[in-house]
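Colleague: Below, the features straight out of TrEMBL:
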BINDING   58-62, 129-135, Y140, D158, A262, G325, H376, D442  (6S)-NADPHX binding site
BINDING   N59, D125, S161  K(+) binding site
BINDING   K412, G413, A414, Y415, T416, G441  AMP binding site
DOMAIN    10-217  domain 'YjeF N-terminal'
DOMAIN    227-501  domain 'YjeF C-terminal'
Amino acid sequence: MLKLFDAQQIKAMDTCTVEKQDIQSVDLMERASLALFESLCHLLDEDSHIVIFAGSGNNGGDALALARMLLTKHFSVDVYLINPNGILSADCAANKARLERLLYINEIRSDKDIPQIEKGSVVIDGIFGSGLNRPLSDIYLQIVSVINNSGSIVYSIDIPSGLFVEDNSMNNPDGIVKADRVFSFQFPKLSLLLPENADYCSHLTILDIGLCSECIDEQFSDYSCIERRDIEPMLKKRNTFAHKGVFGHALIFAGSFGKIGAAVLSARACLRAGVGLLTMRIPSCGVEILQTAVPEAMVSAEEEKEWLSGVGGISDKMTIGIGPGIGLCQVTGDLLKTLLTVSSKPMVIDADALNLIAKDESLKLLIPKESILTPHPVELDRLIGCRCLSGYERLQKAREFAETYSVYVVLKGAYTATITPEKKVFFNSTGNPGMATAGSGDVLTGVITSLLAQKYSPFESAVFGVYLHGSAGDFAAKSKSVYSLLASDIIGYLGKAYRGIEKR
Ligand SMILES: NC(=O)C1=CN([C@@H]2O[C@H](COP(=O)(O)OP(=O)(O)OC[C@H]3O[C@@H](n4cnc5c(N)ncnc54)[C@H](O)[C@@H]3O)[C@@H](O)[C@H]2O)[C@@H](O)CC1
Ligand SMILES: [K+]
């Protein structure tokens, strides 16, 4: 699991590594720059013209060390050191001295020194890293504007200059470098996983710079990224003598007139994710559609034709999922209230079931503990009753909600975050923009309900389900492209996603 840290923790781990490995901090900088150099070389052409902007701190030191390494490969390099106060960090100064022997370094001390960037150049942004302590102003704003308007490919060292590691709610969007790729040292930075910062980082590469694992373990973090190696051990082996009763019985409440497709998608996904038995509770207008589209599912038909109003037959053995396409009818809200009142087992709650809960405060307290709620950002805002101004704020509000109601919140997005009742956040690493398509959420509900029915813990059902869903989406995108991907394609690749995490 990749942990994410704040700026102070990053500094502490750097210092700790230097002590434990008995090296100088400038040696760690050299190691970091070498990792960057090796990764970057794959992206450069022999005749690339490289323009490097270095700041006065250690991010600038990395940039100057990189310039020296690029010269050994005979790249054409121009270096601009932004040094308005004439004060450099010790390691930046050391690297300046090393580079000066090989190349003239342009210094930017006032706006008159800011260069125009030649068309077709590759820009390396080493102005500020994790040490940023205030939004950019003055000369720095001008330089960022020149970089962002240059039309050049921009690679940022560690983090786009001007972006804070965590909270950018009060930042100035014009004072942040827009990078085509960010090379982050050792860990991703939290801000790079939040939607409001998408413009500043098109691609992300994480570089291992050999920070001491003991030093990393010493640091506590509420945030981490789930990787394949965290998911693999969760997969339950299937016994040769197993029968369908072993793999649980899911009961999904879904669909309303015109939205029976949501029921079909969640049903198919639930079955493909491996549940033993599935009952779909749907309004009667959907019975023929569902029985034809998903013959493997049983149907519990509602008396009402167009929407759900009755709980039907439920038992303790069933694992409940509710939400896809159910609509916002009052009678459906009453059904939800009954269901929440009579159930004590964790359930999966999605889409309009979340919107119904948002409309009636008293329902929140009825949600069974450890249930899994799967809102997209707008649904989350409705649930908490305020319009969040940033993904960072939304994440913090979602953490408070998860703690207050003892539930798991799966906040959907490019890096879907599973938030536990202990307020820990686990970002997913699979998935692609093709999955931002109608029905994708219904598929996720089906998958998570399926896993919960198969006795995966609520935590495992959430993170494993999100991973599996994203991975199936990645396989689907490979075959269909991100432009043409349908939610049903994701279901079609769930089997391949399982194959991908079976231990080899
Ligand atoms: N500490 C280490 O051992 C390592 C650090 N590394 C690099 O070091 C970076 C962190 O270095 P630093 O802590 O020196 O931080 P920065 O390089 O981000 O620069 C911080 C300096 O800029 C000033 N500053 C901050 N915000 C400013 C603003 N808005 N306008 C003007 N000046 C501002 C600060 O007062 C400080 O002097 C990392 O991002 C990474 O690139 C790597 O070399 C790996 C090893
Ligand atoms: K940077």
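Quick reminder: no glycine exception, Cβ is built from N, Cα and C everywhere.
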Colleague: Output: those binding-site residues from N58, G325, Y415 whose CB lies less than 6 Å from an atom of ligand 2, in sequence order; none if no residue fits.
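Modeller: Correct list: empty, so none.
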Colleague: Look up Y140 ((6S)-NADPHX binding site) in the DSSP assignment and reduce it to helix, strand or coil.
Modeller: helix
Colleague: Measure from each Cβ of the binding-site residues D125, K412, G413, Y415, G441 to the atoms of ligand 1 and list the residues where some distance is under 6 Å.
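Modeller: Among D125, K412, G413, Y415, G441, near ligand 1: none.
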Colleague: Starting from the Cβ centroid of K412, G413, A414, Y415, T416, G441, which together make up the recorded AMP site, report each further residue of the same chain whose Cβ lies within 8 Å of that point, ordered by sequence.
Modeller: H376, L411, A417, N428, G431, V466
Colleague: Within 10 angstroms of the C-beta of G413 (AMP binding site), what count of other C-beta atoms is obtained when all protein chains are considered?
Modeller: 20
Colleague: Work out the three-state DSSP category of D125 (K(+) binding site).
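Modeller: Going by the DSSP assignment, D125 (K(+) binding site) falls within a strand, counted as strand.
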Colleague: Look up N133 ((6S)-NADPHX binding site) in the DSSP assignment and reduce it to helix, strand or coil.
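Modeller: The three-state answer is coil.
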Colleague: N58, S161, K412: which of these binding-site residues has the sparsest Cβ neighbourhood within 10 Å?
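Modeller: Across N58, S161, K412, these binding-site residues, the one with fewest Cβ atoms within 10 Å is K412.
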Colleague: Does DSSP put K412 (AMP binding site) in a helix, in a strand, or in coil?
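Modeller: DSSP assigns K412 (AMP binding site) to coil.
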Colleague: Give me the count of other Cβ atoms within 10 A of the Cβ belonging to N133 ((6S)-NADPHX binding site).
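Modeller: Neighbour count, Cβ to Cβ under the 10 Å cut-off: 7.
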